[in-house]
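Chemist: Below is one structure. I have some questions about it.
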Amino acid sequence: MVLVGSHGEKDGLNADAVLDYRGNPVDKSKTGGWLAAGLILGCELSERICVMGISMNLVPYLVGDLHISAAKSATMVTNFMGTLNLLGLLGGFLADAKLSRYVTVAISAAITSLGVILLTLATTIPSMRPPPCDDYRRQHHECIEANGRKLALLYVALYTIALGCGGIKSNVSSFGSDQFDVTDPKEENAMIFFISRFYFGISIGSLFGVIVLVYIQDNIGRGLGYGISAATMVIALAVLLWGTPWYRFKRPQGSPLTILWRVLFLALKKRNQSYPSHPRLLNDYENRKVPHTKRFKCLDKAAVLDDDCAASTNKNKPCVVSTVTQVEEVKMVLKLLPIWSTCILFWTIYSQMTTFTIHQATAMHRTVGSFVIPAGSFSAFLVITILLFTSLNEKVFVPLARKLTHNVQGITCLQRIGIGLILSIAAMVGAAIVEKERRERAIQKEIKLSAFWLFIQFFLVGCGEAFAYVGQLEFFIREAPDRMKSMSTGLFLSTISMGFFVSSLLVYIVDHATKKSWLRTNLNKGKLNNFYWLLAALGFINLLVFLILASRHQYRTHLPIKPEPREEELKSLNNEMIEDVENQASIQSLKNIEP
């Protein structure tokens, strides 16, 4: 942040100092706390309203108004959501490396506002839609599909929203947490309460989006529905900027992604270097913060002191050589990737709740009395279930598990993930059975099945998310290196992102492999239940792989580091290191004079 930037450094403040908006040490009585955190929370609340109000009701618009096939519409939505979560990594990187969380959130909120305004225009301008299509032509697939020119503004709007929401999602919770001093017991307790209220707040935003805004979009007009979303984001941005004098700021400390790619690059660059005779000869071994390990030994070469970096002036240049601590931190991140890979399919199954499940609702009986429930509003079951079981987890299931297992955690993070995976498989089995029954009734009896039967898959996926979401986030936070905690959010967001992209890939493969016979716009002529069975089968295979990997995973422990060698041993090691470097230099010289 410009207001914080160099001012604090001139006063000799350390890099971890907490500053006010003028760059001075904070006055805790006038900054931070619940007032500041509450003002920041408005941005995440508005982000949830925008994303849920758009994603949960976009398929009916694409299929019904733009005459795009169900498979292509589902792919458009999952690509949008996948990109949104992936851009969260970019937002986190920019905040950590250069911009700061406050600036990133403010810019992202402005970008989101612009994107929703563009979406409002894209859905209200008549020339952006193809000619209307009656039921007869729709049944015979004679509707004119929206072409590239008509979709151009829609694509620009959606991916502008993805860029803005990604920046908000990855930074707003961290910026809110910055408003509390964890060294103060009272403020630490307030921060814990803030985190729980944060999740409750975004759930309220989600409910408002899927109930109120979806109803307005379907019954009054999409322009008004999206316009309200844009207005909430503009108001949230204004409130965020208005509260600037009350915030606590931290200067950017650099992104852990920089350390990650630097270690990998140096290890690749030095791949032909020989390993030193002992790990003590690696750069900054004596000052390592974590124990040295033998796994991923090839990465140790990033910390090898060759002839280019043997000089003391080069040892501290990260672009020349990494430290043992940095190498070990990267190893710890790589150790998480096997479990990370098995978390992806859960979000692939979750993504069906925003696409084909909503499309199912459009073909089912949705009337209660004289009131027709919008198809997208049925996703409220998902949000309510997540809220309910998140509370039950902490107040019922975890205390009960503590008594049964005599474990402080009650349920480990990997056990939570496993339960979430099992519930997601059950959801797809239930979805396949319901869709088969719906299709048979529609074809044989010409009766529409009640859309409330979709509650089964919404309920099971919601229960699964209550376990998997918390389990995955806890796993990445607990297992990530202490200095790379922001990587935990990045890893978590990347599983969600990859889950949506895998859904797009599966839809593409299935659509082509079955010659468009499974995923039809007219569900009565398709076999959507087979697609759900496929997801259930893939989920079962993924669960088996997860169980194998989870049984082999060793939770991170803070092992004691052995005492440093005595002074005499250090002298001998230094001499040995100098001889080792000289030998490598001699070998390199011989190579240079070879014909």
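Cβ atoms are placed via backbone N, Cα and C, with glycine included.
Below, the features straight out of TrEMBL:
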type	residues	note
TRANSMEM	76-95	transmembrane segment
TRANSMEM	101-122	transmembrane segment
TRANSMEM	198-217	transmembrane segment
TRANSMEM	223-243	transmembrane segment
TRANSMEM	332-350	transmembrane segment
TRANSMEM	370-392	transmembrane segment
TRANSMEM	413-434	transmembrane segment
TRANSMEM	454-477	transmembrane segment
TRANSMEM	489-510	transmembrane segment
TRANSMEM	530-550	transmembrane segment
Chemist: Might you confirm whether the transmembrane segment (76-95) is in contact with the transmembrane segment (101-122), defined here as three or more C-beta pairs under 8 A between residues 6 or more apart in sequence?
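Modeler: Judged by the Cβ rule, the two regions touch, with the required three close pairs present.
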Chemist: Given the cut-off of 8 Å on Cβ pairs that are 6 or more apart in sequence, determine whether the transmembrane segment (454-477) and the transmembrane segment (198-217) share at least 3 such pairs.
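Modeler: Contact absent: fewer than 3 Cβ pairs fall under 8 Å.
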Chemist: Looking at the stretches 198-217, 223-243, 332-350, 413-434, 530-550, which one shares the most CB pairs under 8 Å with the transmembrane segment (489-510)?
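Modeler: Per the Cβ under 8 Å count, 332-350.
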Chemist: Which one of these stretches, 198-217, 223-243, 370-392, 413-434, has the most C-beta pairs shorter than 8 Å to the transmembrane segment (530-550)?
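Modeler: Against the transmembrane segment (530-550), the leading stretch is 413-434.
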Chemist: Give me the stretch from 76-95, 198-217, 223-243, 370-392, 413-434 with the greatest number of Cβ pairs under 8 Å to the transmembrane segment (332-350).
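Modeler: Checked against 76-95, 198-217, 223-243, 370-392, 413-434; highest Cβ contact count belongs to 413-434.
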